[in-house]
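Everything below concerns the one structure shown next.
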Amino acid sequence: MSLGGVADPADSVFDLDYVSWKVRLVLVVAGFTFYLGVFVVCHQLSSALNATYRSLVAREKVFWNLAATRAVFGVQSTAAGLWALLLDPVLQADKALGQQNWCWFHITTATGFFFFENVLVHLSNVLFCTFDWFLATHHFFAFLGFLGSVVNLQAGHYLAMITLLLEMSTPFTCASWMLLKAGHSDSLLWRLNQWVMVHLFHCRMVLTYHMWWVCLGHWDLLARSLFLPHLALFVVGLALLTLIINPYWTHKKTHQLLNPTDWNFASRHADGQVPSKKVLKPQQDGCPAAMGLSKPQPLAGSSVSSICFLMGSWSTLYGLRKPSKVIWHYLQSLPVRAKLVCALGMAGRKLAIFMLGSHDTDRPILVGLVLVIPDCVKKEREIWALFLLGVLWVYFTKLGHFQLCFPVKKEIVILL
(Lines of atoms letter the chains of each structure in order from A; the text may use other names.)
(Lines give C-alpha, C1' and ligand atoms only; values in the text may rest on other atoms or scores of the structure.)
Protein backbone atom coordinates (compact mmCIF):
# COMPACT_ATOMS: atom_id res chain seq x y z
CA MET A 1 0.00 0.00 0.00
CA SER A 2 1.50 3.25 -1.11
CA LEU A 3 1.49 6.34 1.05
CA GLY A 4 1.64 8.49 -2.02
CA GLY A 5 -0.95 7.84 -4.70
CA VAL A 6 -1.17 10.59 -7.29
CA ALA A 7 2.04 12.55 -7.75
CA ASP A 8 2.15 15.90 -6.03
CA PRO A 9 4.01 19.05 -7.00
CA ALA A 10 7.65 18.96 -5.99
CA ASP A 11 8.80 20.81 -2.89
CA SER A 12 5.23 21.18 -1.54
CA VAL A 13 3.98 20.28 1.92
CA PHE A 14 2.14 17.38 0.28
CA ASP A 15 5.44 15.86 -0.83
CA LEU A 16 6.97 15.40 2.62
CA ASP A 17 8.09 12.09 4.13
CA TYR A 18 5.02 11.34 6.22
CA VAL A 19 6.45 8.02 7.37
CA SER A 20 8.76 10.06 9.58
CA TRP A 21 7.51 10.67 13.11
CA LYS A 22 9.28 14.01 13.09
CA VAL A 23 7.37 15.27 10.05
CA ARG A 24 4.00 14.26 11.45
CA LEU A 25 4.75 15.73 14.87
CA VAL A 26 5.96 19.00 13.35
CA LEU A 27 2.75 19.33 11.34
CA VAL A 28 0.61 18.61 14.41
CA VAL A 29 2.45 21.38 16.27
CA ALA A 30 2.14 23.60 13.20
CA GLY A 31 -1.62 23.06 13.15
CA PHE A 32 -1.87 23.94 16.83
CA THR A 33 0.29 27.05 16.38
CA PHE A 34 -1.54 28.23 13.26
CA TYR A 35 -4.99 28.09 14.82
CA LEU A 36 -3.72 29.62 18.04
CA GLY A 37 -2.45 32.45 15.85
CA VAL A 38 -5.86 32.77 14.19
CA PHE A 39 -7.41 33.03 17.65
CA VAL A 40 -5.00 35.78 18.74
CA VAL A 41 -5.29 37.72 15.47
CA CYS A 42 -9.08 37.59 15.69
CA HIS A 43 -8.91 39.03 19.19
CA GLN A 44 -6.64 41.87 18.08
CA LEU A 45 -8.70 42.75 15.01
CA SER A 46 -12.03 42.49 16.80
CA SER A 47 -10.80 44.64 19.68
CA ALA A 48 -9.69 47.35 17.26
CA LEU A 49 -12.51 47.25 14.72
CA ASN A 50 -15.65 45.74 16.23
CA ALA A 51 -17.79 47.62 18.75
CA THR A 52 -19.91 44.54 19.45
CA TYR A 53 -16.83 42.59 20.47
CA ARG A 54 -15.69 45.30 22.85
CA SER A 55 -19.08 45.21 24.60
CA LEU A 56 -18.91 41.47 25.31
CA VAL A 57 -17.93 39.96 28.63
CA ALA A 58 -14.71 37.94 28.87
CA ARG A 59 -16.31 34.54 28.34
CA GLU A 60 -18.18 35.75 25.26
CA LYS A 61 -14.98 37.22 23.84
CA VAL A 62 -13.28 33.85 24.17
CA PHE A 63 -16.22 32.18 22.43
CA TRP A 64 -16.20 34.85 19.69
CA ASN A 65 -12.52 34.25 18.90
CA LEU A 66 -12.95 30.49 19.10
CA ALA A 67 -15.92 30.73 16.73
CA ALA A 68 -13.81 32.59 14.17
CA THR A 69 -11.03 30.01 14.55
CA ARG A 70 -13.49 27.17 14.08
CA ALA A 71 -14.86 28.86 10.97
CA VAL A 72 -11.39 28.94 9.39
CA PHE A 73 -10.89 25.28 10.24
CA GLY A 74 -14.35 24.51 8.88
CA VAL A 75 -13.41 25.97 5.50
CA GLN A 76 -10.24 23.85 5.37
CA SER A 77 -12.12 20.71 6.43
CA THR A 78 -14.96 21.23 3.96
CA ALA A 79 -12.59 21.68 1.03
CA ALA A 80 -10.58 18.59 1.97
CA GLY A 81 -13.66 16.49 2.63
CA LEU A 82 -15.39 17.40 -0.63
CA TRP A 83 -12.24 16.61 -2.60
CA ALA A 84 -12.04 13.17 -0.98
CA LEU A 85 -15.75 12.48 -1.42
CA LEU A 86 -16.09 13.58 -5.03
CA LEU A 87 -12.77 13.95 -6.84
CA ASP A 88 -9.85 11.91 -5.52
CA PRO A 89 -9.52 8.70 -7.59
CA VAL A 90 -7.26 6.85 -5.12
CA LEU A 91 -9.62 7.24 -2.18
CA GLN A 92 -12.63 6.44 -4.35
CA ALA A 93 -11.00 3.20 -5.47
CA ASP A 94 -10.08 2.03 -1.95
CA LYS A 95 -12.21 3.53 0.79
CA ALA A 96 -10.76 1.30 3.50
CA LEU A 97 -6.99 1.46 2.91
CA GLY A 98 -6.40 4.23 0.38
CA GLN A 99 -3.96 6.96 1.42
CA GLN A 100 -2.80 10.25 -0.05
CA ASN A 101 -0.03 12.63 0.95
CA TRP A 102 -2.40 15.60 0.90
CA CYS A 103 -4.62 13.70 3.33
CA TRP A 104 -1.68 13.28 5.70
CA PHE A 105 -1.27 17.04 5.74
CA HIS A 106 -4.92 17.63 6.65
CA ILE A 107 -5.02 14.83 9.23
CA THR A 108 -1.95 16.11 11.07
CA THR A 109 -3.00 19.76 11.06
CA ALA A 110 -6.55 18.79 12.08
CA THR A 111 -5.08 16.89 15.03
CA GLY A 112 -3.27 20.07 16.04
CA PHE A 113 -6.51 22.03 15.77
CA PHE A 114 -8.52 19.57 17.84
CA PHE A 115 -5.81 19.59 20.50
CA PHE A 116 -5.89 23.40 20.54
CA GLU A 117 -9.68 23.37 20.79
CA ASN A 118 -9.67 20.88 23.67
CA VAL A 119 -7.10 22.90 25.59
CA LEU A 120 -8.95 26.18 25.06
CA VAL A 121 -12.41 24.80 25.81
CA HIS A 122 -11.35 23.12 29.05
CA LEU A 123 -9.38 26.17 30.18
CA SER A 124 -12.50 28.22 29.50
CA ASN A 125 -14.58 25.72 31.48
CA VAL A 126 -12.26 26.05 34.45
CA LEU A 127 -12.04 29.84 34.32
CA PHE A 128 -15.74 30.50 33.74
CA CYS A 129 -17.21 27.47 35.52
CA THR A 130 -19.06 26.05 32.52
CA PHE A 131 -19.38 22.65 30.91
CA ASP A 132 -21.13 21.38 27.77
CA TRP A 133 -21.30 17.60 27.64
CA PHE A 134 -22.12 17.45 23.92
CA LEU A 135 -19.30 19.78 22.92
CA ALA A 136 -16.78 18.13 25.23
CA THR A 137 -17.69 14.67 23.94
CA HIS A 138 -17.41 15.85 20.34
CA HIS A 139 -13.96 17.37 20.96
CA PHE A 140 -12.74 14.34 22.89
CA PHE A 141 -13.66 11.82 20.20
CA ALA A 142 -12.44 14.08 17.37
CA PHE A 143 -9.00 14.59 18.89
CA LEU A 144 -8.42 10.95 19.85
CA GLY A 145 -9.75 9.72 16.51
CA PHE A 146 -7.42 11.89 14.45
CA LEU A 147 -4.53 11.20 16.82
CA GLY A 148 -5.04 7.51 16.10
CA SER A 149 -4.84 8.21 12.36
CA VAL A 150 -1.60 10.15 12.88
CA VAL A 151 -0.04 7.29 14.85
CA ASN A 152 -1.16 4.43 12.59
CA LEU A 153 0.59 4.35 9.20
CA GLN A 154 -1.79 1.63 7.96
CA ALA A 155 -5.04 3.54 8.55
CA GLY A 156 -6.96 4.54 5.45
CA HIS A 157 -7.74 8.19 4.82
CA TYR A 158 -11.20 8.18 3.26
CA LEU A 159 -13.22 7.98 6.49
CA ALA A 160 -10.95 10.54 8.16
CA MET A 161 -11.58 12.98 5.32
CA ILE A 162 -15.33 12.38 5.43
CA THR A 163 -15.19 13.04 9.17
CA LEU A 164 -13.61 16.41 8.37
CA LEU A 165 -16.45 17.07 5.93
CA LEU A 166 -18.83 16.95 8.90
CA GLU A 167 -17.36 20.35 9.81
CA MET A 168 -19.13 21.89 6.80
CA SER A 169 -21.76 23.42 9.08
CA THR A 170 -19.19 25.06 11.37
CA PRO A 171 -18.61 28.33 9.44
CA PHE A 172 -22.36 28.95 9.27
CA THR A 173 -22.80 28.12 12.96
CA CYS A 174 -20.11 30.61 13.89
CA ALA A 175 -21.54 33.30 11.59
CA SER A 176 -24.98 32.71 13.08
CA TRP A 177 -23.77 33.34 16.63
CA MET A 178 -21.74 36.42 15.68
CA LEU A 179 -24.65 37.97 13.80
CA LEU A 180 -26.93 37.19 16.73
CA LYS A 181 -24.59 38.94 19.18
CA ALA A 182 -24.36 41.91 16.83
CA GLY A 183 -28.16 42.30 16.92
CA HIS A 184 -28.86 41.13 13.37
CA SER A 185 -31.14 38.21 14.23
CA ASP A 186 -34.01 39.87 12.32
CA SER A 187 -31.97 40.47 9.19
CA LEU A 188 -32.35 38.57 5.94
CA LEU A 189 -28.66 37.66 6.07
CA TRP A 190 -29.04 35.93 9.44
CA ARG A 191 -32.12 33.97 8.37
CA LEU A 192 -30.50 32.93 5.09
CA ASN A 193 -27.40 31.79 6.97
CA GLN A 194 -29.62 29.89 9.40
CA TRP A 195 -31.51 28.16 6.58
CA VAL A 196 -28.24 27.01 5.00
CA MET A 197 -26.93 25.86 8.38
CA VAL A 198 -30.03 23.77 9.13
CA HIS A 199 -29.80 22.23 5.67
CA LEU A 200 -26.14 21.36 6.24
CA PHE A 201 -26.99 19.71 9.56
CA HIS A 202 -29.38 17.46 7.68
CA CYS A 203 -26.60 16.77 5.18
CA ARG A 204 -24.38 15.81 8.11
CA MET A 205 -26.90 13.17 9.12
CA VAL A 206 -26.97 11.73 5.60
CA LEU A 207 -23.17 11.76 5.61
CA THR A 208 -23.04 9.71 8.81
CA TYR A 209 -25.25 7.09 7.15
CA HIS A 210 -22.75 6.98 4.27
CA MET A 211 -19.93 6.45 6.79
CA TRP A 212 -21.83 3.53 8.32
CA TRP A 213 -22.29 2.06 4.84
CA VAL A 214 -18.56 2.29 4.16
CA CYS A 215 -17.75 0.76 7.56
CA LEU A 216 -20.07 -2.20 7.08
CA GLY A 217 -18.93 -2.78 3.51
CA HIS A 218 -15.22 -2.77 4.42
CA TRP A 219 -15.35 -4.07 7.98
CA ASP A 220 -12.73 -6.80 7.57
CA LEU A 221 -10.19 -4.42 6.06
CA LEU A 222 -10.87 -1.78 8.71
CA ALA A 223 -10.51 -4.34 11.49
CA ARG A 224 -7.12 -5.42 10.12
CA SER A 225 -5.74 -1.93 9.46
CA LEU A 226 -6.90 -0.11 12.62
CA PHE A 227 -5.84 -0.71 16.20
CA LEU A 228 -8.72 -2.19 18.18
CA PRO A 229 -9.04 0.83 20.58
CA HIS A 230 -9.02 3.19 17.59
CA LEU A 231 -11.69 1.19 15.78
CA ALA A 232 -13.82 1.01 18.93
CA LEU A 233 -13.43 4.75 19.47
CA PHE A 234 -14.47 5.44 15.89
CA VAL A 235 -17.55 3.20 16.04
CA VAL A 236 -18.70 4.55 19.41
CA GLY A 237 -18.09 8.14 18.32
CA LEU A 238 -19.96 7.62 15.06
CA ALA A 239 -22.85 6.02 16.95
CA LEU A 240 -23.06 8.96 19.37
CA LEU A 241 -22.89 11.38 16.46
CA THR A 242 -25.60 9.56 14.51
CA LEU A 243 -28.06 8.85 17.32
CA ILE A 244 -27.60 11.74 19.77
CA ILE A 245 -25.33 14.65 18.86
CA ASN A 246 -26.44 15.30 15.27
CA PRO A 247 -30.20 15.06 16.02
CA TYR A 248 -29.75 17.22 19.12
CA TRP A 249 -27.86 19.96 17.29
CA THR A 250 -30.22 19.80 14.30
CA HIS A 251 -33.18 20.28 16.63
CA LYS A 252 -31.53 23.21 18.41
CA LYS A 253 -30.53 24.98 15.21
CA THR A 254 -34.00 24.52 13.70
CA HIS A 255 -35.56 25.92 16.87
CA GLN A 256 -33.10 28.80 16.76
CA LEU A 257 -34.22 29.64 13.23
CA LEU A 258 -37.79 30.09 14.46
CA ASN A 259 -36.83 31.60 17.81
CA PRO A 260 -33.50 33.52 17.69
CA THR A 261 -31.72 32.60 20.90
CA ASP A 262 -28.20 32.72 22.23
CA TRP A 263 -28.06 29.17 23.56
CA ASN A 264 -24.54 29.55 24.90
CA PHE A 265 -24.95 32.53 27.22
CA ALA A 266 -28.64 32.90 28.03
CA SER A 267 -31.60 30.90 29.20
CA ARG A 268 -34.05 29.65 26.63
CA HIS A 269 -35.89 32.83 25.81
CA ALA A 270 -36.17 34.72 22.58
CA ASP A 271 -33.41 37.10 21.55
CA GLY A 272 -31.15 35.69 24.21
CA GLN A 273 -32.61 37.87 26.95
CA VAL A 274 -32.39 36.52 30.46
CA PRO A 275 -35.57 37.30 32.39
CA SER A 276 -35.24 39.06 35.68
CA LYS A 277 -35.32 36.78 38.71
CA LYS A 278 -36.81 37.34 42.11
CA VAL A 279 -34.72 36.52 45.13
CA LEU A 280 -36.26 34.59 48.00
CA LYS A 281 -34.24 35.63 51.03
CA PRO A 282 -33.87 33.36 54.06
CA GLN A 283 -35.88 34.10 57.17
CA GLN A 284 -34.04 35.06 60.32
CA ASP A 285 -35.59 32.39 62.52
CA GLY A 286 -34.86 29.66 59.99
CA CYS A 287 -38.34 28.12 60.24
CA PRO A 288 -40.52 28.04 57.11
CA ALA A 289 -43.67 27.78 59.23
CA ALA A 290 -42.98 31.28 60.52
CA MET A 291 -43.37 32.71 57.02
CA GLY A 292 -47.14 32.42 57.32
CA LEU A 293 -47.74 31.69 53.63
CA SER A 294 -50.95 29.95 52.65
CA LYS A 295 -49.74 28.62 49.30
CA PRO A 296 -46.41 27.70 47.70
CA GLN A 297 -44.38 30.66 46.50
CA PRO A 298 -42.44 30.30 43.24
CA LEU A 299 -38.70 30.13 43.74
CA ALA A 300 -36.24 32.33 41.91
CA GLY A 301 -35.77 30.86 38.47
CA SER A 302 -36.54 27.37 37.25
CA SER A 303 -33.03 26.15 36.54
CA VAL A 304 -31.06 23.75 38.64
CA SER A 305 -28.50 26.49 39.23
CA SER A 306 -30.88 28.36 41.56
CA ILE A 307 -32.09 25.44 43.69
CA CYS A 308 -31.02 24.66 47.22
CA PHE A 309 -29.93 21.17 47.97
CA LEU A 310 -31.46 19.99 51.25
CA MET A 311 -30.01 17.24 53.37
CA GLY A 312 -30.19 16.45 57.08
CA SER A 313 -32.16 15.25 60.04
CA TRP A 314 -35.33 17.31 60.35
CA SER A 315 -36.09 15.28 63.49
CA THR A 316 -33.62 17.31 65.53
CA LEU A 317 -34.55 20.62 63.94
CA TYR A 318 -38.34 20.44 64.13
CA GLY A 319 -39.00 17.46 66.42
CA LEU A 320 -40.43 15.51 63.47
CA ARG A 321 -39.78 11.98 62.31
CA LYS A 322 -40.41 12.95 58.70
CA PRO A 323 -39.52 15.97 56.61
CA SER A 324 -41.70 18.88 57.64
CA LYS A 325 -45.01 19.19 55.81
CA VAL A 326 -44.26 22.87 55.42
CA ILE A 327 -41.05 22.04 53.62
CA TRP A 328 -42.87 19.57 51.40
CA HIS A 329 -45.42 22.32 50.79
CA TYR A 330 -42.65 24.42 49.27
CA LEU A 331 -41.26 21.56 47.23
CA GLN A 332 -44.55 21.37 45.35
CA SER A 333 -43.81 24.75 43.76
CA LEU A 334 -40.60 23.52 42.15
CA PRO A 335 -40.35 22.37 38.52
CA VAL A 336 -39.97 18.65 37.84
CA ARG A 337 -36.17 18.73 37.53
CA ALA A 338 -35.93 20.67 40.78
CA LYS A 339 -38.15 18.16 42.58
CA LEU A 340 -35.81 15.38 41.53
CA VAL A 341 -32.83 17.27 42.90
CA CYS A 342 -34.56 17.99 46.21
CA ALA A 343 -35.72 14.38 46.45
CA LEU A 344 -32.08 13.41 46.17
CA GLY A 345 -31.32 15.83 48.98
CA MET A 346 -33.98 14.29 51.21
CA ALA A 347 -32.44 10.88 50.57
CA GLY A 348 -29.26 12.27 52.05
CA ARG A 349 -31.04 12.58 55.41
CA LYS A 350 -31.41 8.84 55.81
CA LEU A 351 -27.91 8.27 54.51
CA ALA A 352 -26.45 10.76 57.01
CA ILE A 353 -28.39 9.17 59.90
CA PHE A 354 -27.15 5.75 58.85
CA MET A 355 -23.52 6.91 58.60
CA LEU A 356 -23.49 8.83 61.91
CA GLY A 357 -25.57 6.38 63.90
CA SER A 358 -29.08 7.24 65.07
CA HIS A 359 -28.61 5.48 68.43
CA ASP A 360 -26.42 8.28 69.83
CA THR A 361 -28.89 10.52 71.70
CA ASP A 362 -26.27 12.59 73.53
CA ARG A 363 -25.63 14.74 70.50
CA PRO A 364 -27.72 15.76 67.50
CA ILE A 365 -27.28 13.51 64.52
CA LEU A 366 -27.46 16.33 62.02
CA VAL A 367 -29.51 19.45 62.49
CA GLY A 368 -29.41 20.45 58.88
CA LEU A 369 -27.24 20.90 55.85
CA VAL A 370 -27.95 23.41 53.12
CA LEU A 371 -25.85 23.23 49.99
CA VAL A 372 -26.36 26.43 48.06
CA ILE A 373 -25.68 25.58 44.45
CA PRO A 374 -23.55 28.22 42.66
CA ASP A 375 -25.13 29.94 39.71
CA CYS A 376 -22.47 28.47 37.44
CA VAL A 377 -23.43 24.89 38.30
CA LYS A 378 -25.81 23.71 35.60
CA LYS A 379 -25.23 19.96 35.36
CA GLU A 380 -26.76 17.21 37.45
CA ARG A 381 -23.42 15.42 37.72
CA GLU A 382 -21.98 18.44 39.57
CA ILE A 383 -24.93 18.44 41.97
CA TRP A 384 -24.30 14.75 42.64
CA ALA A 385 -20.68 15.64 43.42
CA LEU A 386 -21.80 18.34 45.86
CA PHE A 387 -24.19 15.87 47.47
CA LEU A 388 -21.43 13.34 48.08
CA LEU A 389 -19.13 16.11 49.31
CA GLY A 390 -21.74 17.11 51.89
CA VAL A 391 -22.19 13.55 53.11
CA LEU A 392 -18.45 13.05 53.49
CA TRP A 393 -18.16 16.40 55.27
CA VAL A 394 -20.77 15.32 57.80
CA TYR A 395 -19.19 11.92 58.24
CA PHE A 396 -15.67 13.16 58.95
CA THR A 397 -16.46 16.32 60.94
CA LYS A 398 -19.39 14.88 62.94
CA LEU A 399 -20.84 18.38 63.18
CA GLY A 400 -24.25 18.80 64.74
CA HIS A 401 -25.21 21.90 62.81
CA PHE A 402 -23.62 23.74 59.95
CA GLN A 403 -24.39 25.42 56.68
CA LEU A 404 -22.18 25.04 53.62
CA CYS A 405 -22.41 27.78 51.01
CA PHE A 406 -20.53 28.49 47.81
CA PRO A 407 -19.89 31.90 46.20
CA VAL A 408 -22.57 32.78 43.72
CA LYS A 409 -22.75 35.46 41.07
CA LYS A 410 -26.50 36.01 41.06
CA GLU A 411 -29.04 34.89 43.64
CA ILE A 412 -29.15 32.44 46.52
CA VAL A 413 -32.37 30.61 47.20
CA ILE A 414 -32.81 29.09 50.66
CA LEU A 415 -35.81 27.04 51.70
CA LEU A 416 -35.17 27.09 55.45
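Every residue gets a Cβ built from N, Cα and C, even glycine.
The annotation domain 'TLC' is assigned in TrEMBL to 62-262.
Residues 13, 16-17, 64-66, 68-69, 72-73, 104-105, 108-113, 115-117, 120, 150 of the same chain sit 6 or more residues outside the transmembrane segment (23-42) yet have a Cβ under 8 Å from a Cβ within it. Among the features that TrEMBL reports, transmembrane segment is placed at 23-42 (among others).
If you look up TrEMBL, you'll see 62-84 (among others) marked as transmembrane segment. Within the same chain, residues 35, 38-40, 42-43, 46, 53, 56, 91, 102-103, 106, 109-110, 113, 116-117, 120-121, 124, 128, 157-158, 161-171, 173-175, 177-178, 181, 264-265 sit at least 6 positions outside the transmembrane segment (62-84) and bring their C-beta atoms closer than 8 Å to a C-beta of that stretch.
Here TrEMBL flags 104-121 (among others) as transmembrane segment.
With a threshold of 8 Å between CB atoms, the same-chain residues lying at least 6 positions outside the transmembrane segment (133-151) that come near it are 24, 28, 107-108, 110-111, 114-115, 117-118, 121-122, 125, 157, 160, 163, 226-227, 229-230, 233-234, 236-237, 240-241, 244-245, 248-249, 379. Taken from TrEMBL, the feature transmembrane segment applies to 133-151 (among others).
The feature transmembrane segment is assigned by TrEMBL to 157-180 (among others).
Sequence annotations record features per position, and here TrEMBL assigns transmembrane segment to 192-214 (among others).
Under the heading transmembrane segment, TrEMBL lists 226-249 (among others).
The transmembrane segment feature in TrEMBL is assigned to 383-402 (among others).
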Message: If you average per-residue pLDDT over the domain 'TLC' (62-262), what number do you get?
response: 91
- request: Between the transmembrane segment (104-121) and the stretches 157-180, 192-214, 226-249, work out which stretch tops the count of Cβ pairs under 8 Å.
  value: 157-180
Field: Chain residues outside the transmembrane segment (192-214) and at least six past its termini with a C-beta under 8 angstroms from it
entry: 95-96, 158-159, 162-163, 165-166, 168-169, 172-173, 175-176, 179, 238, 241-242, 246-247, 249-250, 253-254, 256-257
